[in-house]
Amino acid sequence: MFTIDFSDHTGLVKDAWYKQIEDLLEFAKKEEHIEDDAELSVTFVDKQEIQEINRTYRDKDKVTDVISFALEEDEPEIDFSGLDIPRVLGDIIICTDVAQEQANNYGHSFERELGFLALHGFLHLLGYDHMTEADEKEMFGRQDTILNAYGLTRD
């Protein structure tokens with residue numbers, strides 16, 4: 001079973017946001033051929049908290065829109081086959097304040113921006129990155145393909 005553990009540190013998250021992200025990431029999981037027995041967490045925070053996380057864990061003292069912590073990122077390959085435990089992908093942290101600002105700046109809905117950020121974080125958990133131009137092209141192309149196939153367009 002694909003499990004997403006949500007946490008709202010803002011007190012402002014609407015139930016519809018949980019449903020949207022859950023449905024989108026379930027769709028993305030299938031598109032990326034991730035096994036059903038996987039889990040991750042999504043946490044909603046404000047600007048102050050995401051800046052603190054960014055400073056503490058990434059040594060960047062600034063506000064950002066989304067941060068991902070992939071559990072498998074720096075770990076050597078561990079074979080869990082045959083064990084009845086889910087694959088833990090990691091954590092996605094989304095700043096809802098920045099999501100709203102970016103939606104306004106880009107001229108699309110908050111829901112589209114929230115979906116974009118959740119998917120962006122999810123792809124990072126799967127190993128996608130945008131440190132090089134080629135990696136960025138691959139990751140952003142994949143994001144656009146999944147968002148468009150899901151029906152969450154820039155319009």
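Here the Cβ of each residue, glycine as well, is placed from N, Cα and C on the backbone.
Remember, predicted model here, so these are calculated numbers, not experimental data.
According to Swiss-Prot:
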BINDING   H120, H124, H130  Zn(2+) binding site
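A map of Swiss-Prot features onto the structure.
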{"residue": "H120", "record": "Zn(2+) binding site", "Cβ contacts under 8 Å, 6 or more apart": "V66, S68, Q143"}
{"residue": "H124", "record": "Zn(2+) binding site", "Cβ contacts under 8 Å, 6 or more apart": "S68, A70, I92"}
{"residue": "H130", "record": "Zn(2+) binding site", "Cβ contacts under 8 Å, 6 or more apart": "E136, M139, F140"}
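Apart from H120, H124, H130, the residues listed for Zn(2+), the same chain places the Cβ atoms of V66, S68, G121, L123, Y128, D129, M139, Q143 within 8 Å of the centroid of those Cβ atoms.
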